[in-house]
Each structure stands twice: as C-alpha cells, then as structure tokens.
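Q: Here it is, the structure in full.
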Amino acid sequence: MIKVSAMSLFSVSLLLVLTFLFPADTAYGEEEKQMIVVYENKQGEEAVQESDAAVEKEYDNLPVAAITADSGTIEELKEDPDIKYVEPDVKISVSDSGSTAIRAVKEAASPILEQWNLAPIQASQAWNEGLTGKGVKIAVIDSGIYPHEDLKIAGGYSAVSYTSSYKDDEGHGTHVAGIIGAKHNRYGTDGVAPDAQLYAVKALDSVGEGDLSDLLEGIDWAISNKMNIINMSMGTTYKSRALQDAVDKAYQKGILLVAASGNEGAGHPLDYPAAFDKVIAVSASDSKNKIASFSSVGSKVEISAPGADIISTYLGTYYAMMSGTSQATPHVSAMLALLKQQYPNETNDQLRTRLQRYSKDLGQKGRDNLFGYGLVQYQAERDKGYQQAMEAVQLAEKTKSHNNYDKAQKLVSDLSNNKDKQNLQKRLDKVKQALTLQEAKDVVAKAEKSIKKADIDAAQTAINKVTDNNEKKNLQNRLDKVKQALALQETKDKVAKAEKSKKKADIDTAQTAINKVTDSTEKKNLQKRLDKVKQAITLQEAKDKVSKAEKSRKKADIDAAQSAINKVTDKNEKNNLQKRLDKVKQALLVQEVKDKVSKAEKSKTKKNVDDAQKSVKKLANGKDKTDLQKRIDKVKQAQIKTANDLVKAAEKKINDSNIQKAQSAIKELQSGKDKDNLQKRLDKVKAKAAETKKLNDAKSKVKKAEKDKTKKSKQSAQSAVDKLKSSNDKKKLQTRIKAIKVK
C-alpha cells in the first residue's frame, strides 16, 4: 500500500514557491533523481525519513522506499550502513510489438471471433474436464483493465500517481486480461481460464510505461491480498535488485509469477523480471509452432506460448489483434490457474514443475533456449507422462532395482486414473513384490548370521511385507529358529545374572524369558537353575521376616512371616522357622490374653469376662494359663459377691430400684449354681414386691369405694381384692367391701 508523507507534500509546495521566487540557475541548480532505497533494518528506514529525500512511496511487505533526492543525499544514503542498497527508479514498459484494432462484431451471423491460439495449447480438453480456473486469484499488473462486457473484474488497485482508478486507459492490460479470462458467452473471444478471478493492478500509464516503484507497489499489493498468480506482461533491461527481492518475497509467499521474456528478438538478453529464477519466463510462438521472430530467447526461457496475432478484448466494446511476449505470458498464467484448480493443495514449486511436464517439447529435444521446456499445453502431460511411465516400468522390471522402481512409481502415480495407469501399476506391483521378497531373503540371511535383535526385527518387518504365502512361510520358519536361538541365549544371560545378583527384578526378568523359550531340555535346565535362586531368595526372605516378627511381635509382621514360611520348600528349614514363629505367636497370644483379662478385671462385665475366658482356654497349658485363670476366677467371685450383696439389699428393702440393680448384677454372672440360687432369691423378692403392690392397689380402691359408694368403684375394688392371694389382709378387705354393699 502506498504511503505519501506530509513532509513530501510540504517539500513539493516549497519547491514551487522557490521556483517562482528564484528562477533556476543552471550553474548552481541540480536536477533531483527518482531512486529506490532498500533498508537493512529499522534504523535504515528512519535514516531515509530523516534525510533530505522526499519519500514518494513505502510498502507493506517490502523494506523499500521510493524517493526523490539530489546526488548528495543519494550518496549519503548509499554510505549509511543501515541502508542495504540504493538504485535508480527505472522505467518499465509493455512487451508487445504493435496492434490492430478490430471493431466488435455484433451481427448474429458471426458473433465469435476466430482464435487460432486455443487449439495448440489444448485448452478445450481442460474445459471438458471442468477446469476453468474457478477460485484462482490472478493479479494482472499492467495498464489496468477496462470494464469490457466480455470480462468480469474481481477488483483491483492503482499504483500510478495520476489516478486512483484501475481502469485501463491504454488497452494493453485489457488485452492481456481477455486472453486469461474472457467469458465463455458465445460472443467475442474465449479466455483460457474464464472463471479465474481477475484483479486489475494498474502500474502502467496511458502510453504503456511506468516506474519500477509502481511495479514494486503492484507486487506488494498482490502479496497483501493473497493472490495466487501474478501476470507481468512488461519488463525492463535493468537488473533491479529491489525487483528481484520483491519477486523472491512473493514466491516465498506461495505466489506463482509469470513474465514476458521481451520483444528484442534473438541475440538480446531477456527482460526483467522474466530473467529472475523465481519468475516463469515466457517466449512467444506463432501459429506454426515456430518461435516468433520478435521474441527474446535465452537459457532463462522456461516455457513458450502463442504470442503472434492474438485477438482479445480491448478498450470500449472493441477487440484487438496484438503480438508480443506480452500476449504469450497470459496463456501461461491462465494454464497455471487451471492447474491450481485441479491441484489446489500443490505448492507453487509443484505446480511449476507440473507446468513444465505438461509442455509440448518443441525445437531441440529437452529444454532449449527458444521454447524452454516446450509449448504450454494441457493434455501433453498425459500422453508424454504415460510413455515415460511405461518406459520406466519396463526398466524397473528388467533391473529390479529400488532406484528404478521408485522412479517408475512416481511417474505412474502422476498419471490420471484410467485403465492404462491401472495396468502399469499392476506390473509395478509385481516388481515391488520381487524386490520385497529379495530384500526379505537378504535380511533373514543377515539375521541368521548375526543373531542380533536389530537384524531380526528388520527381517520380521521385511517378511511381513512379502505377499507370496509359501515364500513368506519358509522365511518365517527360518527366522523363528533365529528368534529361538536369540531367546535362548538371552535367557541364559538373564538366568546367570539372576544367579549372581539374587534380586527379585532380575529373577522376574529371567522367568519371563524362560517362559518364552520353546519347550526343550535347555528350558527345563534353565528353570531348575532359576528355581534354586528363587528358593534361596524365598528362604532368606522368610528368615528375615521371622527375625523381624521376633523383634516386633506385631501381628502384621507375624502374618508376613507366616506367608513367607509357607513358600519355603526345604522341609527342615521350614520346620525350624515355623517353630520360631510359633513361639512369637504364643508370646503375642499370651500378651493379648493378659490385656483381655486386665480389661475384664477393670470392667467386670460379662462380655469382657467371657472374652477373656475364651482367650485363656486357647493358651497352651502352663504357668501363664494357670495365673491368668486364677485372675479370671477372682473376677467371677467378685461378681458373685456383688450380686449377692445386691440381692440381700433387695430382700431387705423391697423396691424397684434395688430389684433392678440386683437383676443387672445377676445377668453379668457366668452360668452356674451361684447364678441360679441368686436368681431364685431375687424372683421371690420380685413376687413379694408384686403382691405388695396388688395389696396396696386393692386397699386404695376399697377406700375409694367406701368413700363414693358407686357401683363402678365397688366393682373395681372387688376385682382388685380378687387378685390377691389368700391372707388376713384379703379377708379384712373383703369384709369392708361387704359392709359397703350392706349399707
């Protein structure tokens, strides 16, 4: 995008004032020059801004400024280490050799103009396959594009100073655009890529000339707006470093660049930018597929295209016939648009290579200075490609070398899908099978010799790729023997390591290895050796755990020791360890029983006493058992005494509280004669308490009946007296009830 500084406008205004006030003196005045400055860094950009130069243009993607300055300022900038280089802003011009205007034909009898240039490039074959350049963005950097009825303009930009419009005022750009994308509307001319998106980038004026700075601005705009292709039907004989940097940057961004080689004829070097490596240089051919007399040629020519007497769109509603490499160039840009549509994921390098292969070889065989790789053409790739692929397949079949196979496979892969391709692929697959089989045989033989894992793995991978079942089976049998030999040796090493280290990890590794060995005497012997190591480890682990249990006397350690002892296979060692552990168990049991007895002594509850008693019975006969039993017996006697005292208290003073306390004490007693006798005594107390309660109830009810003398009260009193056992009290209460009835 162009940027014009306020300082630049001020400088122009000041210059005009000074011109009127002080007429120029040729002795002292100096003409300023238009130059291109390329920065080395940010400081270089600042140096240009701060210099006496008028900055005319700056760019978004290029470290460049177009300036106007005197020779002193220019020299200062050249000597600045932050400035990469300074060069002249040279003129560029169109690359054609004249034109003849043809008025638009509007009569229905012949609405379509004759175009000889489409048949040689076989454009119709691409159209028949649905290729029209759809979705491909092409920047036509030229004199602009006129809004012709046969063209559809997607957008554009003006890089020239005298207008902001990208409308063509010269005709050249419109002619170029029509060759690329004139509509297929059964009128006028047909473009090679009618659905390509045309962007008019005006860098040339009304006479077909422009400045290098304008061309740079056009390239900069194309980069910013992500164009796919840049068409440059123009050039200069000056080898501009800035222009080379610009096309390199655009190519780096994935853009394809196509430019005219020039119209100076043979013996003259190519114009720039066509001569740069990143640009496709196009020469012009005529209707007889001969190089056009006006076309510049040389080693940099990459492709040729029709460029003589080409009819295309022009200013207004006109069409024109023009000749020049300018007209050849858009044929190539349009062909690239077709390829870009067909292969949207290919890079600019890949598409460029494909374009070269699509070309029809003209002139000397192979690339030459006139036609480059040949005449741009769509269908040529298939015809030539098939022939090349067939020859490559034949060579691969004959030599059966990987190199020739790879070359043939690449050529076959590039062919369009059809029966010919399928047949070539089948032949190539057989070559691949033969190569795969031989490779498998070689690596199996190597594995048999080395017995190394890397070679065995490589051999297995190779065998897996073999398709012949019999060959595959034989090779697999050979390799399996190698694997067994390797496994046996590795297992021996692992068993030896386990015998030496006696570490669990090494033992486990050795066991895993033994398990993989095919059953044999060798396997049995290795297992026996490893079992001895395991037994030694198991015995040592058992001894260590028993020692730990003897020291800690913790249940967890005892359980771990028992588990370890159970795994010991040596009977004598096992018996000795078990005896030691049994002593630990007995000691732990005695301590546990002592704790339970102490708990029973403290709580004197039946639950704790029963638990302690059960534990004591489990002890082996001995002093500990006798002493603990005596302590339990004392607890039991104390329980009996407590219960007896509480029963006496209940007998002495009959009430619910005393009865409950006595009953609770009796429940805590062990079953036996003492418990039964105490319960009988308490039951008598309970019975006496119940009778006393009934008597008091009867007395209360009789008293009530005597007081209110109601029938209900009398009945209630009588019922209560009836429940009493025979006694003097009952008789007295009955007499009182009778007395109430008599009254």
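Backbone N, Cα and C define each Cβ position, glycine as well.
Any TrEMBL annotation is an automated prediction that lacks curation.
I grabbed these lines from TrEMBL:
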| type | residues | note |
| --- | --- | --- |
| SIGNAL | 1-29 | signal peptide |
| ACT_SITE | D142 | active site, charge relay system |
| ACT_SITE | H172 | active site, charge relay system |
| ACT_SITE | S326 | active site, charge relay system |
| COILED | 405-594 | coiled coil |
| COMPBIAS | 598-614 | compositional bias 'Basic and acidic residues' |
| COMPBIAS | 670-709 | compositional bias 'Basic and acidic residues' |
| COMPBIAS | 722-732 | compositional bias 'Basic and acidic residues' |
| COMPBIAS | 733-743 | compositional bias 'Basic residues' |
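Looking at the shown structure, what environment does each listed feature sit in?
A: Other Cβ atoms within 10 Å of the Cβ of D142 (active site, charge relay system) number 31 in total over all chains.
In the three-state DSSP classification, H172 (active site, charge relay system) falls within a helix.
Following the DSSP three-state reduction, the secondary structure of S326 (active site, charge relay system) is helix.
Residue counts for the compositional bias 'Basic and acidic residues' (670-709) under DSSP, helix first, then strand, then coil, are 36 helix, 0 strand, 4 coil.
Among residues of the same chain six or more beyond the compositional bias 'Basic and acidic residues' (722-732), those with a C-beta under 8 A of the stretch's C-beta atoms are 691, 694-695, 698.
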Q: Around S326 (active site, charge relay system), how many other CB atoms lie within 10 A of its CB?
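A: Step by step: centre on the Cβ of S326 (active site, charge relay system), count other Cβ atoms within 10 Å, giving 33.
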Q: Go through the chain and flag residues at least 6 beyond the ends of the compositional bias 'Basic and acidic residues' (598-614) whose CB is under 8 A from any CB in it; none is fine as an answer.
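A: Same-chain contacts beyond the ends: 628, 631-632, 634-636, 638-639, 642, 667-670.
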Q: How big is the gap, in Å, between the Cα of S326 (active site, charge relay system) and that of H172 (active site, charge relay system), rounded to a whole number?
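A: That separation, Cα to Cα, works out to 9 Å.
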